[in-house]
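**Q** Per TrEMBL, active site, nucleophile is recorded for A:CYS12. Summarising the annotation, TrEMBL assigns [4Fe-4S] cluster binding site to A:CYS246, A:CYS392, A:CYS447, A:CYS450. Under the heading Mg(2+) binding site, TrEMBL lists A:SER293, A:ASP355, A:ASP356. Residues or ranges marked as domain 'Glutamine amidotransferase type-2' by TrEMBL: A:12-230.
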There are 4 protein chains.
Amino acid sequence: MFAEIKGLNEECGVFAVWGHKDAAQITYYGLHSLQHRGQEGAGIVVSDGDTLNVHKGLGLVNEVFDQQSLNALQGSAAIGHVRYATAGGGGFANVQPLMFRAQAGGLAIAHNGNIVNANNLKLQLENQGSIFQSTSDTEVLAHLIKRSGYWSLEDQFRHALAMLKGAYAFAVMNEHQLIAAMDPNGLRPLAIGRIGDAYVVASETCAFDIIGATYERDVKPGEMVIIDDNGLRSEQYDKSPNPAICSMEYVYFARPDSNVETINVHTARKQLGKQLAIESPIEADVVTGVPDSSISAAIGYAEQTGIPYELGLIKNRYVGRTFIQPSQELREQGVKMKLSAVRGVVEGKRVVMIDDSIVRGTTSRRIVNMLKEAGALEVHVRISSPPIKHPCFYGIDTSTTSELIASQHSVEEMREMMGADSLAFLSTDGLKKGIGRDPELNNCGQCLACFTGEYPTEIYADTVHPHAKV
Amino acid sequence: MFAEIKGLNEECGVFAVWGHKDAAQITYYGLHSLQHRGQEGAGIVVSDGDTLNVHKGLGLVNEVFDQQSLNALQGSAAIGHVRYATAGGGGFANVQPLMFRAQAGGLAIAHNGNIVNANNLKLQLENQGSIFQSTSDTEVLAHLIKRSGYWSLEDQFRHALAMLKGAYAFAVMNEHQLIAAMDPNGLRPLAIGRIGDAYVVASETCAFDIIGATYERDVKPGEMVIIDDNGLRSEQYDKSPNPAICSMEYVYFARPDSNVETINVHTARKQLGKQLAIESPIEADVVTGVPDSSISAAIGYAEQTGIPYELGLIKNRYVGRTFIQPSQELREQGVKMKLSAVRGVVEGKRVVMIDDSIVRGTTSRRIVNMLKEAGALEVHVRISSPPIKHPCFYGIDTSTTSELIASQHSVEEMREMMGADSLAFLSTDGLKKGIGRDPELNNCGQCLACFTGEYPTEIYADTVHPHAKV
Amino acid sequence: MFAEIKGLNEECGVFAVWGHKDAAQITYYGLHSLQHRGQEGAGIVVSDGDTLNVHKGLGLVNEVFDQQSLNALQGSAAIGHVRYATAGGGGFANVQPLMFRAQAGGLAIAHNGNIVNANNLKLQLENQGSIFQSTSDTEVLAHLIKRSGYWSLEDQFRHALAMLKGAYAFAVMNEHQLIAAMDPNGLRPLAIGRIGDAYVVASETCAFDIIGATYERDVKPGEMVIIDDNGLRSEQYDKSPNPAICSMEYVYFARPDSNVETINVHTARKQLGKQLAIESPIEADVVTGVPDSSISAAIGYAEQTGIPYELGLIKNRYVGRTFIQPSQELREQGVKMKLSAVRGVVEGKRVVMIDDSIVRGTTSRRIVNMLKEAGALEVHVRISSPPIKHPCFYGIDTSTTSELIASQHSVEEMREMMGADSLAFLSTDGLKKGIGRDPELNNCGQCLACFTGEYPTEIYADTVHPHAKV
Amino acid sequence: MFAEIKGLNEECGVFAVWGHKDAAQITYYGLHSLQHRGQEGAGIVVSDGDTLNVHKGLGLVNEVFDQQSLNALQGSAAIGHVRYATAGGGGFANVQPLMFRAQAGGLAIAHNGNIVNANNLKLQLENQGSIFQSTSDTEVLAHLIKRSGYWSLEDQFRHALAMLKGAYAFAVMNEHQLIAAMDPNGLRPLAIGRIGDAYVVASETCAFDIIGATYERDVKPGEMVIIDDNGLRSEQYDKSPNPAICSMEYVYFARPDSNVETINVHTARKQLGKQLAIESPIEADVVTGVPDSSISAAIGYAEQTGIPYELGLIKNRYVGRTFIQPSQELREQGVKMKLSAVRGVVEGKRVVMIDDSIVRGTTSRRIVNMLKEAGALEVHVRISSPPIKHPCFYGIDTSTTSELIASQHSVEEMREMMGADSLAFLSTDGLKKGIGRDPELNNCGQCLACFTGEYPTEIYADTVHPHAKV
């Protein structure tokens, strides 16, 4: 996955289904299509109306589940989760859905996002006698629900949500209900679909396509959607929502075949590429993109400029954990990892290399170098998003500020560091225009915090990156 | 394992070490030697003085751990656990050690036994806002510790123990201390040893032998042993202990090379066989034992009677999960599982077949049948323990009363059901005499509840078998 | 891999290295980059100058090899092989390299292609007392070498080659030499490269790029290249070569980043797309390609026509063997395998769908259907190669004639069967022009047999498809 | 397995069945019960009357086969093989059954033993153009069969057998017949049984017991048994057989529940122990045996002397390949591998330790040392076979003469080296008497070559140990 190359990692993918006799199977395929959102762990909780059952584990969806474990998950409702690969992380204890058992019944939670006041809440809860088994911010929600004093999941959940700050797209299930909820800024995507009479909920619409479900609508900022055997009800639990969806979902994270809030991601990326061509044209022989996430932008750039689009870079599909890494010595001799330049395409050419974003800049330097070694006469780097200068507190594992190259260096310095012949980024206006959301909204309804430092929520002194150790 | 044959399953094995630089490795070998006490799951938590780290999983010790996962567990203190195979069970969430994280530090718990008032305590705790992630009674202890109001683990633990009823041998660890504790009846074994300057704690002494540790003493009923960098301190937290160790540890569970409270298990079993020969002699040609747990008793019976001991039954060492079970059809044609009779030994002979205990009686019937098919003229069944008539609430997964054949049928009825030519059980007096513990103590310091129905602790209306579903 | 979708399967990939201290590692990475040429099995034989050692197995390269098995392969010369997935096939016995041991030394053979007189030769050899352990045509070569009567591998090999008819790219190694050889038509690709002082040989140049080797030249039709510690010697063992490289290597098989006989495959495919646009233009809104092999042609078609190229189809990256297939019922409900249409891109649009070839036509029908279900107004299918009407006897596992849809139906019939609004194939002239090889040569030096039925070699009555059972 | 401890390794186990609809399943269980005869590899070839199909691999029976691979082996006849673990060995190529394919049909061979003139025959065959794919002597038989000039398997096989010297128990199968054959000395065991109407053949009778088959008789020295749909026919192809079965089958290799030529192995071992007690009594407190192979002899020794038999040594059931070996440092601190002494049994006692044989003497030294460290006052070593002074050429992988401690040292020297208080071996007369075969035959029909150096067959200058590299 490209995540390995860039060091820009999404938190998670969430999926849920209510009212389908093959709930676990459906969830398995749904999670598989969300695999790009998290490769560390996967899990499914099913409800058969009486009890909840769980299977989860570290690894990819098809490593965690086999026919036997899937068959054991009988029931017509399910929630599932894929979790992204942390360096060390909490291991198994953090794999979701989290499941809790009480005499009165069970509770399962799947979460995408990051709760910025989690530490604060944890301290309060510990003082009241709560104990925690994971380092995850998600466990906080369970305690808040439990301690709410209300009787129904719906009331408990509403009460708990009121105490949370930050980014969250939740799917929560007990034996009787499935509830999906979105933070007041709608920072993470979450869509609702139908498959026959059943309801499905997913972080991205590509999960609907793979199972043959139809898209209905997105969960709205500050909305809580309650699904049970009586159908679907909506409640706007936050009365003053302020839409600010993560721009990087369009730029980098989501699959090109997903629609995020009705905008197709491939199309948005192609528009970003066109916008980039308008802002920063260059004379060159070929346009190439860094696979996989920058292909659409590269095609857009080529289309706008009329320079041919070519496969100048190819990704080596190293398959997972078991692949034997080359020794340092072999790597120095030129044994490639992950990406190769295609000599037959770039040799003797002036190359425009499109990338979607730059985090630490090390990958870009390596790619420019590869292209030159493969015979490129010039390499012009064009980035289809603005410089990332500020950390994300909403579920993306960007490095700290000091590691973000764009927060420490000017564009010209970066160009020199990566050995490119020219370097240009898309402007934030270009970004808004390219994605094409509602211009009436603040920032067109996008979160631009990592580019501008303007965070749509409060940030606390003890707000932590999601994967810092407690 | 023979457990599969009999339906008489132990809960768990506990191991801990403090002050050894290879703590995780040592624990790995210790747990391996305790593998007979539990095959469902295994885990190790290590402390490096700063933080706790855990690795656990479903399966055998050498399935759960590989070199990499073991290497990742750096630290000089560790607790480990093996858990027995339930039919469905709570799966991963119940695999121990349980680990809890708080802002103030971590806590890990490994437990062997069964807390008879767990349900009661759970309800109280839930009412106070606690949430549970497993169906295990062990999680109760963590909540009691957290809510105790005390500052030191020692005080918290003492407070929590005071609320527990039942059988428990605990090893509990935080970053600063390791505490081992035993219930006031000492129902489950737990021994202390030394390896160099380090302390080790284990459910059975065979774990000391495999790592080259020396046995020091057993943890006493009602005792709490606190181990930290200042050494070992003991505290008698229960002032009126009433020793009543589980008789079945001697009869069936413990490894023959272990000493349980200074008595060697093989030697005890051989004495039970001799005692049985004195009480119920018979004229016969060969003595044979059901492998592996009845071999020692059979040798004792042979030695006492002068009838030659022979290998009349052999165990097929089917290796684990991956073995392909014969179809029903092949089984009916005679394809054997687990045990075969040795025709070359029993043909034309009058056979005494020694077994250590009878639960449902189905295995005994099958073995008698096999011996007769292999040409035995007569089969005399001798059981080296009294009839099991009452369920165990202290961590042994015996069937319910109605499934215990001896609670429903007379000895003569049982003999007829299993097709034996004669059948005799050891008396409870013979059992006490054979094991040879202190005659001054009540029942020689043994728990005889499964034979007599006299339970050494209160039993509650809602006391559950350890593996009943919540 | 797309192979699963189409039913058009390549035989194999060959790799060899001589004179590199990490010969096995280098071969591992080389084979990995050739994985698209064969997924059934993989193997490596190394020579340390004294003896040959082998490791091989069924599965992907990174399933067959782990660090341990790779470390065990010490030596400075190696040949490797990946083999394609047959339905039933000979299993392990057919996994290459084949290795033979004699008192005088060993012999290892890796082969890509198909020997059309293999059955004939086998019968002769059996009559002389030879025995065969595989169903592979490759084993024939070993017997011919052994029985040649010559002393040196070089002489033995030359003698053996003279008896073979068909398509073959061989790498053969003993303790002293590595020999690469090509059939007189040069039907399969085989290239020579350098990495430091070492020589490498590979089916495709992408294997050179991944290891940092430089391309030198291709092995010529009828050439034998002998590599040993004295360097590389060439011998033209066939004096009247007739170049006719497989056209489908350019159209479908080879990786886009490979150069096949100095022509970059991506570039050739893009030209095929442009040529197709010139021959069969259409008015439409978007161009899309069937991933992965038709992407380049689709980009070419878009570039030529000015219609935007979009990601209208997306491949689901199901990972290998362990993926749980959806039940028939779920499939009928719309759970997708392998490919999905991107509604966000095709809805309400007139779509040109580019595919590289049609074998049975079932996949095309399914894709057209998917696009229409996703809202495409019109679907115009354009194929970047001529209709395949004749079976291949040179190592491609096309179905028999009766299964080739184009041999049974007119273009209009096919269009109707697949439900397309229009359908057009590239002409053979367009194919030759698009690839752009030497126009002086017969058919520009291409084999067009599967389109025209004109086979460049004799075909025997008993010539078999490579995977028919003996 | 104890094999790992001693360095005295058996070659193989052979199993075959003809006329049973679940032939592969039956063979799977049969091979499982023969697993002690070989752990390196396993394989099964089935015939459905038309073709042969094979599945084999490196590893234990239940590692090589899963439900799927077993289900794929349809047919009513099968031969199977387990192969012992060589240090390096030929790997997969040597795993049996070997299978050969010809236009006229297939041939499968399973072999236990060692052909002492194999090298000689190989040279001749290579001169005639044969090529070899393995280092195994078994491949020679296939070539001899192929080149015999006869038409029927029966004639071909008879012709081939006439050229072989050494030890061999063969099962050979084509689509029409199963043939079992024994060398003229009957050096390796091979028995015939019935299961319903089907015939079974196995290296040991324990394989019959596990599948519910009944023993019929043993294959006789110089006999060839032909089984097909017409039943079983016997032919004495060697007219002057000279029975000399391997003594070590009784002493060490065979399972105690097997009968080898009608004598039960456990019973024979017990008699050897009694004989040893008669020849070399000693005053002591306990008798203990080295598990598993010396238990029966120890019981016999105890019974004869009246000294109690106890479990003084216990085997640690380390499970296979995946077990993590202790570091050298931990081993020096006392972490045990494979065997531990039981302190509770031996402390303060005079111990008689029974072992079945001594090869290099290192294990014995280690065990004596362990017993003393566990508190034994005296350790008296008694060996239930004579000193092994000569290498075996018949399929047992004893070390070379120089590594056999008894060929280099006197009994007193050995006693001192191992630190025992006394040491005695059984006499060859005691060995013959203890096993109890026909006293009329030369050496009672036993091969005593490893004790006496008198080999029952010719030995050639180039006779190799079975696992020497070609």
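Glycine is no exception: its Cβ is also placed from the backbone N, Cα and C atoms.
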**Q** Let me know how many other Cβ atoms fall within 10 Å of the Cβ of A:ASP356 (Mg(2+) binding site).
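**A** There are 27 such Cβ atoms around A:ASP356 (Mg(2+) binding site).
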**Q** Fill in the CA-CA distance, A:CYS447 ([4Fe-4S] cluster binding site) to A:ASP356 (Mg(2+) binding site), as an integer in Å.
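**A** One finds 17 Å between the Cα atoms of these residues.
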**Q** Return the residues near A:ASP355 (Mg(2+) binding site) by Cβ distance under 8 Å, restricted to its own chain and a separation of at least 6 in sequence.
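**A** In sequence order, the residues whose Cβ lies under 8 Å from that of A:ASP355 (Mg(2+) binding site) (at least 6 apart) are A:GLY289, A:VAL290, A:SER294, A:SER364, A:ILE367, A:VAL381, A:ARG382, A:ILE383, A:SER384.
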**Q** Any idea what the model's mean pLDDT is for the domain 'Glutamine amidotransferase type-2' (A:12-230)?
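**A** Mean pLDDT across the domain 'Glutamine amidotransferase type-2' (A:12-230) comes out at 91.
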**Q** In angstrom units, rounded to an integer, how far apart are the Cα atoms of A:CYS12 (active site, nucleophile) and A:CYS246 ([4Fe-4S] cluster binding site)?
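**A** Rounded to the nearest whole number, the Cα-Cα distance is 14 Å.
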**Q** Other than its own, how many Cβ atoms are within 10 Å of the Cβ belonging to A:CYS447 ([4Fe-4S] cluster binding site)?
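**A** Step by step: centre on the Cβ of A:CYS447 ([4Fe-4S] cluster binding site), count other Cβ atoms within 10 Å, giving 26.
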**Q** Indicate the candidate from A:CYS12, A:CYS246, A:SER293, A:CYS392, A:CYS450 with the smallest number of other Cβ atoms within 10 Å of its Cβ, considering only these recorded positions.
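**A** Selected from the recorded positions A:CYS12, A:CYS246, A:SER293, A:CYS392, A:CYS450 on minimum Cβ neighbours within 10 Å: A:CYS392.
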**Q** Return only the integer: C-alpha distance in Å from A:ASP356 (Mg(2+) binding site) to A:CYS450 ([4Fe-4S] cluster binding site).
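**A** Just about 14 Å between their Cα atoms.
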**Q** Would you kindly give the Cα-Cα distance separating A:SER293 (Mg(2+) binding site) and A:CYS246 ([4Fe-4S] cluster binding site), rounded to the nearest Å?
**A** 16
**Q** Provide, as an integer number of angstrom, the distance between the C-alpha atoms of A:CYS450 ([4Fe-4S] cluster binding site) and A:SER293 (Mg(2+) binding site).
**A** 19
**Q** Pop the Cα-Cα gap between A:CYS392 ([4Fe-4S] cluster binding site) and A:SER293 (Mg(2+) binding site) into the table, whole Å please.
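**A** On Cα coordinates alone, these residues lie 20 Å apart.
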**Q** Please state whether DSSP places the residue listed as 'active site, nucleophile' in a helix, a strand or coil.
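**A** Reduced to three states, the DSSP call for the residue listed as 'active site, nucleophile' is strand.
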**Q** Helix, strand or coil at A:CYS392 ([4Fe-4S] cluster binding site), per DSSP?
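**A** Note: A:CYS392 ([4Fe-4S] cluster binding site) is coil by DSSP, not helix or strand.
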